[in-house]
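J.: Got a structure for you, questions after.
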Amino acid sequence: MAAQAAKSAPKVAQTAKKSGGKPQDNRAAALATALQQVEKSYGKGAVMRLGDHPHQQVDVIPTGSIALDLALGIGGLPRGRVVEIYGPESSGKTTLALHVVANAQRGGGVAAFIDAEHALDPEYARKLGVDTDQLIVSQPDNGEQALEIADMLVRSGALDVIVIDSVAALVPKAEIEGDMGDSHVGLQARLMSQALRKLTPALAQTNTMAIFINQLREKIGVFFGNPETTTGGMALKFYSSVRMDIRRIQTIKDGDSAIGSRTRVKVVKNKMAPPFKSAEFDVLYGEGISREGSILDMGLECDLIRKSGSWFTLANGDQLGQGREKCRLYLKENPQICDDLERQIRVAYGLISEPEAEDADSPKKDGDAASAAKANAATAGTTSKGQDAGAAAAKPAGADSAAKAAEA
């Protein structure tokens with residue numbers, strides 16, 4: 001065997017020489033030919049070298065809470081991806097999704113809401129900042145219809161975000177048409193698996209975010225570990241780029257009456273940044289996520305706001321007020337201070353750079369530049385007038401000296 005291998009080695013070398021050039025050159029030529037054939041068959045851009053295209057940063061939509069934006073690591077929820085929000089009842093799942101919709105609309109985007117639960121409250125959505133007149137809403141009859149509508153809307157390329165509320169309410173058509181008590185094992189899981197196989201590439205191509213709201217169920221007979229699980233099978237867990245577990249941890253009271261709840265969100269899966277980070281924020285009844293309260297909390301963490309006793313003070317010494325609730329109301333009444341604090345927090349945590357922060361203040365800086373230009377022009381005018389006066393004053397003196405020289 002060794003002798004045969006030794007005999008065949010020179011033949012391989014001779015074949016390589018006859019083919020001309022080094023083996024690496026042959027491989028490069030073969031790769032170039034293959035790339036040309038792929039582009040010819042499937043169109044330009046079907047295959048490419050990653051280095052030929054500069055890395056594009058993922059577009060994000062803010063969640064309405066700067067604490068959650070920081071926990072996500074990229075400043076919001078990613079566009080072109082699948083996002084899952086799950087938690088117990090009345091924990092704020094739909095509220096969080098509606099805040100994302102409102103922020104997308106504020107940026108000039110278009111949003112759709114697939115209301116499979118038939119429980120969307122337009123008045124509440126309006127209070128959260130959603131433009132309900134421009135919101136596309138569908139209340140489908142069954143799960144197949146809901147996901148087919150979602151697929152058609154996504155493939156139109158006109159959407160920025162679509163919300164499916166909720167996965168548990170996506171009832172298969174066979175289950176609706178069947179009798180109560182009939183067994184339909186795995187129908188919903190198969191439906192979700194097929195839908196996500198179709199939706200995921202369409203979302204990436206159209207840069208549309210899909211938010212799936214999900215409910216919790218308990219596994220039967222689990223004595224060790226967490227018995228909680230989500231509905232719809234395993235497909236959604238795999239296809240999601242971000243999964244968030246939202247829980248209500250405390251009731252916020254004003255005297256004896258409850259005015260909201262303290263909410264904790266844990267990022268249990270994150271393909272965009274390190275996972276397992278948590279964020280806490282206030283959800284006020286009738287108002288939604290308290291942006292000012294979240295900014296107050298994060299300002300304390302990065303030392304932009306200082307607390308002495310019950311008094312809150314800015315880093316420059318300006319007092320915000322006494323007590324957290326009064327400070328929150330002060331920030332709400334002074335949006336300029338609130339916006340400036342949010343910008344400084346994002347810079348401190350590296351979500352935006354200093355040049356971007358400076359661009360945010362460009363109207364103010366343009367005004368300063370204009371006033372500076374006016375001041376320079378005025379100074380230049382004053383200087384030129386002084387020079388003219390000096391020249392005029394110098395002319396008589398020069399004329400007198402010339403006359404004296406002529407007489408001499």
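Placement of Cβ uses the backbone N, Cα and C atoms for every residue, glycine included.
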J.: May I ask you to indicate which of 244-298, 354-408 is given in TrEMBL as region 'Disordered'?
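T.: Feature region 'Disordered' in TrEMBL: residues 354-408.
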J.: Name the residue range among 1-29, 204-232, 320-348 that TrEMBL annotates as region 'Disordered'.
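T.: My reading of TrEMBL: the region 'Disordered' range is 1-29.
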J.: Ser90, Ser91, Thr94: which of these binding-site residues has the sparsest Cβ neighbourhood within 10 Å?
T.: Ser90
J.: Do you know the DSSP helix, strand and coil residue counts for the domain 'RecA family profile 2' (221-294)?
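T.: Helix/strand/coil tally for the domain 'RecA family profile 2' (221-294): 9 helix, 39 strand, 26 coil.
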J.: Tell me, how many other CB atoms lie within 10 A of the CB of Pro88 (ATP binding site), whichever protein chain they belong to?
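T.: Pro88 (ATP binding site): 14 neighbouring Cβ atoms within 10 Å.
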J.: I want to check the contact list for Gly92 (ATP binding site): same chain, sequence separation of six or more, C-beta distance under 8 angstroms. What comes out?
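T.: Listed in sequence order: Ile246, Arg248, Ser261, Thr263, Val283, Ile289.
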J.: For Pro88 (ATP binding site), what is the secondary structure state per DSSP, taken as helix, strand or coil?
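T.: Going by the DSSP assignment, Pro88 (ATP binding site) belongs to neither helix nor strand, so it counts as coil.
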